[in-house]
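One structure below.
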Amino acid sequence: MSEQNTIINSEEIKENEKIESETEEPITYLDLTGQPHTSIGDSYNIPETLLDLDLTNCKITKIENINHLKNLKKLCFRQNLIEKIENIDQLKELESLDLYDNKLQVIENIKDFQSLTYLDLSFNEIRIVENLSIKDIPKIKELYLANNKITKIENLQELVPIKNLELGSNRLREIENLENLVNIETLWLGRNKITEIKGINHLSHLRILSLQSNRLTEIGVKGLVGLNCLEELYLSHNGITDIDGLQSLKQLRTLDISANKIKTLVGLNELPDLDEIWCNDNLVDSMDNIEQQVTKSIKCLYFERNPVATHVQYRRMFINMFPQLKQLDATMVKRN
């Protein structure tokens, strides 16, 4: 089955409102991105053979006229004006549902989607995480709830299969209720109001953790213990003064502690796999401290806008100090 015969894009629809394949092959993908219309399927037919329907940025206000798409696997309503999740109960084969950037206030009608692995409800007006049951979405792997008005991590305990959880840009004050989500590999909690790293020690599969732009003042000796697979840690734009607590992260490759209030580096010499350190916009003033703490195999360093970076020989000293360094701040390292 050739892609040309099974895909209809928005440019074709503009010329021909009746959606038909030029061959006998069924249409499986319909892209109506950027074509404003008040009602789905009002002036055009939607082939029941569709596997993928993209209605991004169409000014749609209501989900309707798609329940006949029994084979649909991917449904995208990004950047519309939808206020309610409805009229999708017959889409039993759905694997991906994208409602990013709409007007949703409530999570509802996510019922009996036995194949759903991807759900994006980011950039809406949701206040409470609710109505997400493991019996309804038993295969869920990725859940995106960024940029809503959520104040509490709750009602996710059943969703054990989740590997990627995005709750950034909400109103969270505490990391909590993640005890059962032992399969999480990436956790995004940036741009909240979190003051303490806790409640994640059991996430032994976690590879990426983002807590940027919160209200942290320290990492804490026990906060990250148990995260033996962590490879990337993002802690920029907090009020951190003490980074003690990193020592157990033996797999860590990328550390972002930029834009904090850090004066002294601690524990980095115990992280053998560290490739990148972003420590710009801090208070580090000792070249000796950096030399003692940073592994000689480091490949990328950011220390601009620290007192130490005002040294007239700053760049030359760093290049000599770290023989494998490939990038210092925003500039690639050139060696003679």
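Every residue gets a Cβ built from N, Cα and C, even glycine.
Pulled from Swiss-Prot:
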- 1-10: compositional bias 'Low complexity' (COMPBIAS)
- 11-21: compositional bias 'Basic and acidic residues' (COMPBIAS)
- 306-336: domain 'LRRCT' (DOMAIN)
- 1-24: region 'Disordered' (REGION)
- 26-47: repeat 'LRR 1' (REPEAT)
- 49-70: repeat 'LRR 2' (REPEAT)
- 71-92: repeat 'LRR 3' (REPEAT)
- 93-114: repeat 'LRR 4' (REPEAT)
- 115-136: repeat 'LRR 5' (REPEAT)
- 139-160: repeat 'LRR 6' (REPEAT)
- 161-182: repeat 'LRR 7' (REPEAT)
- 183-204: repeat 'LRR 8' (REPEAT)
- 205-225: repeat 'LRR 9' (REPEAT)
- 229-250: repeat 'LRR 10' (REPEAT)
- 251-272: repeat 'LRR 11' (REPEAT)
- 273-294: repeat 'LRR 12' (REPEAT)
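In the predicted model, the repeat 'LRR 2' (49-70) has a mean pLDDT of 97.
Within the chain carrying the repeat 'LRR 9' (205-225), a Cβ under 8 angstroms from the stretch's Cβ atoms is held by residues 163, 168, 182-198, 231-246, 248-249, 256, all 6 or more beyond its ends. The list of residues near the repeat 'LRR 8' (183-204) in space but at least 6 beyond its ends in sequence, with Cβ under 8 angstroms from a Cβ of it, reads 146, 160-177, 210-217, 219-220, 222-229, 234, 245.
Each residue in the repeat 'LRR 8' (183-204) gets a DSSP state, and the totals come to 0 helix, 3 strand, 19 coil. Among residues of the same chain six or more beyond the repeat 'LRR 4' (93-114), those with a C-beta under 8 A of the stretch's C-beta atoms are 70-86, 120-132, 136-139, 144. Beyond its flanks by at least six residues, the repeat 'LRR 5' (115-136) meets 73, 78, 92-109, 142-156, 158-161, 166 of its own chain at Cβ-Cβ distances under 8 Å.
Residues 212, 228-245, 278-286, 289-290, 292-295, 297, 302 of the same chain lie 6 or more positions beyond the ends of the repeat 'LRR 11' (251-272) yet place their CB under 8 Å from a CB of it.
For the repeat 'LRR 6' (139-160), the residues of the chain that approach it from at least six positions outside its boundaries are 100, 114-133, 166-183, 188, judged by C-beta separation under 8 angstroms.
Residues 279-287, 290-291, 294, 296-300 of the same chain sit 6 or more residues outside the domain 'LRRCT' (306-336) yet have a Cβ under 8 Å from a Cβ within it.
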